[in-house]
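Asker: Questions regarding the structure given below will be posed in turn.
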Amino acid sequence: MVQRWLYSTNAKDIAVLYFMLAIFSGMAGTAMSLIIRLELAAPGSQYLHGNSQLFNVLVVGHAVLMIFFLVMPALIGGFGNYLLPLMIGATDTAFPRINNIAFWVLPMGLVCLVTSTLVESGAGTGWTVYPPLSSIQAHSGPSVDLAIFALHLTSISSLLGAINFIVTTLNMRTNGMTMHKLPLFVWSIFITAFLLLLSLPVLSAGITMLLLDRNFNTSFFEVSGGGDPILYEHLFWFFGHPEVYILIIPGFGIISHVVSTYSKKPVFGEISMVYAMASIGLLGFLVWSHHMYIVGLDADTRAYFTSATMIIAIPTGIKIFSWLATIHGGSIRLATPMLYAIAFLFLFTMGGLTGVALANASLDVAFHDTYYVVGHFHYVLSMGAIFSLFAGYYYWSPQILGLNYNEKLAQIQFWLIFIGANVIFFPMHFLGINGMPRRIPDYPDAFAGWNYVASIGSFIATLSLFLFIYILYDQLVNGLNNKVNNKSVIYNKAPDFVESNTIFNLNTVKSSSIEFLLTSPPAVHSFNTPAVQS
C-alpha cells in the first residue's frame, strides 16, 4: 500500500494524490480567508488584537495556498494527469517517474509555507513579496526565505509537470488522433503547460535574486547599493500575469466539455476555441505592467499596456460567445455541472468587465490596491477557476470513481457557494470605488456596512465547503446506491454517459471524448491495446 502511493508512477494514482493535497490545502486556505473576513467584519480590532503583521501573514497564506496548492494541483495535476492520457489514448504520461517527483516536492513546499508562518512573526509581505518590505531590513529572520523556498518548490513541481504534459501530448497520441482532433481539455492543459514553461523561470530568477539580496549582501533590489525594487516588480509580474491564465485556461477546457455534454451539441467553433486559448496565452505575456501603472512608467508605456490589456478581451469574448452559441438551441439539462458552467459564464464575464475598468492606466491610479481589485480577481478566480473545478469534479467524478454523488445535495451546494461568493465579492467593488485599501486590517466606520455583508457571505461559502466534504464522503460510502434521474444505475458507466459528447462525435471528424467509453472506474492501465481514432 505504501509503495503504491509513495513510489507511484501511475498517472491516475498521482492525480488522486494531487486531489488529496488540493482538498487539504483548500480547507486551510478557506480557514485563513474566514479569519481575514472575521477581522474585517467590523471597524477596529476584532480578533487579531491589532496585530497587522499577523493579518498580512494570513493574506500571504491564503493566497499561496489557494493558488499554488489548490487550483494548480487540482486543475493541472489532478484533472490533467487523470484525463489527458485517457483522452489521447495513451497508456500513461511520457515520464511517469518525473510525474511522481513533480507531486512529491509539493508537500515539501507546503511544509516550507506553513513553517514560514510559524517562525519569527511570519512573512507579512502579500503574495507578491515586494522588496523593500520583503528585504532583510523589514523582515529579518527566516520567514520570507522559507516562503521563497515554498515558491521554488512549487515552481519545480509545475515545470516538471509542464514538460511531462507537453511531451505526452506531442508524442503519445493514439493512431489517427491529429492535433486538430484533440479534445479541448487536452488543448487547455497543453497551452497551460507552455505558459508554465515560459513564465516560471522568470519568477524563480526574481525570488532567487531576492534571496541573495536578503542573505548574501547583493543589491539587485537594494537602492542603497544601486539596485531597483521596480526590477523585481517587472520580473514578478512577467510571471504573475501569465499565472492568472494558467489558473483559468484549464477551467476553460472543462467548461467546454460540460457545456457541450449538457446541451447535447458539439462545441461551437472548436478550432477557434483552441486559437482563442492560444491567443489568450500569448497575449498574457505582453501585458504584465498593467499591475504596476503607478510605479512611474512613461505615458507611452502606459498607453501600450492599456491597449494590449484590452485586446485580451477579444479572444476571451470569442470563447464566451462560442459557449453561449453551444448552449443556444441545445437540449439543455440543468445537472450540477451545467449549473456551475452557466454560473461560470455569467460571473467570469462580470469579472472580465471590472477588469476592463482596471486596464485603463488613468482609472487604475484610483483603483490600484483597493478592494475593487480584490473584487475583480476573486470574481475571475473564485467564480472562474473554482467554479470550473467544481464543474469538472461533478462531471467526471462518477466516471473516475464509479460512484455517483447525491444530485440534490450537489445542487444545494452549488446554490450555497453561488450566493456566498457573490455576497462576499460584489460589495468589495463598492468599497474599492470609495477608496478602501487592501491588506489593511482596520478601516474607517464609513466602510462598515459592506464589510459586514461580505463577512456574512464568507460564512455561507464556508458552509458550502463543509457540504462538499460531506457530498464527497457520501459519494465514497453510498455511491453505488445514489440514484441518477430517480433510477438506480445498473450500467457500468458514468450517469451522463448517455448524453456525453461521444454520442454525436464518434461518426464525425471531430474528436470524441473517449474517457467515457472506458469502464468506470477505468482500469489501472488503460489502452494496453492502442485505440484508433477514426
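Quick reminder: no glycine exception, Cβ is built from N, Cα and C everywhere.
Computed from a predicted structure; not experimentally measured.
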Asker: Among His241, His328, His376, which residue does Swiss-Prot name as a further Cu cation binder in the site formed by His290, His291?
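Answerer: Answer, per Swiss-Prot (Cu cation site with His290, His291), from His241, His328, His376: His241.
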Asker: Need a hand: Swiss-Prot gives Glu39, Ala42, Gly44 for Ca(2+), which of Pro441, Pro444, Pro521 is also on that list?
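Answerer: Record check against Swiss-Prot: Ca(2+) site with Glu39, Ala42, Gly44, extra candidate from Pro441, Pro444, Pro521 is Pro441.
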Asker: Looking only at the topology recorded in Swiss-Prot, are Pro96 and Asn478 found on one side of the membrane?
Answerer: yes
Asker: For His376 (heme a3 binding site) and His368 (Mg(2+) binding site), what Cα-Cα distance in Å is obtained after rounding to a whole number?
Answerer: 11
Asker: Counting by DSSP secondary structure, give me helix, strand and coil numbers for the topological domain 'Mitochondrial matrix' (89-97).
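Answerer: Going through the topological domain 'Mitochondrial matrix' (89-97) residue by residue, I get 2 helix, 0 strand, 7 coil.
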Asker: How far is it from His291 (Cu cation binding site) to His368 (Mg(2+) binding site), counting Cα to Cα, in Å?
Answerer: 8
Asker: Along the topological domain 'Mitochondrial matrix' (401-406), what average pLDDT does this model show?
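Answerer: PLDDT averaged over the stretch: 90.
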Asker: Gly44, Pro441: which of these binding-site residues has the sparsest Cβ neighbourhood within 10 Å?
Answerer: Gly44
Asker: For the transmembrane segment (450-474) against the transmembrane segment (184-215), do we get 3 or more Cβ-Cβ pairs below 8 Å once near-sequence pairs (under 6 apart) are dropped?
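Answerer: Between the transmembrane segment (450-474) and the transmembrane segment (184-215), contact is absent.
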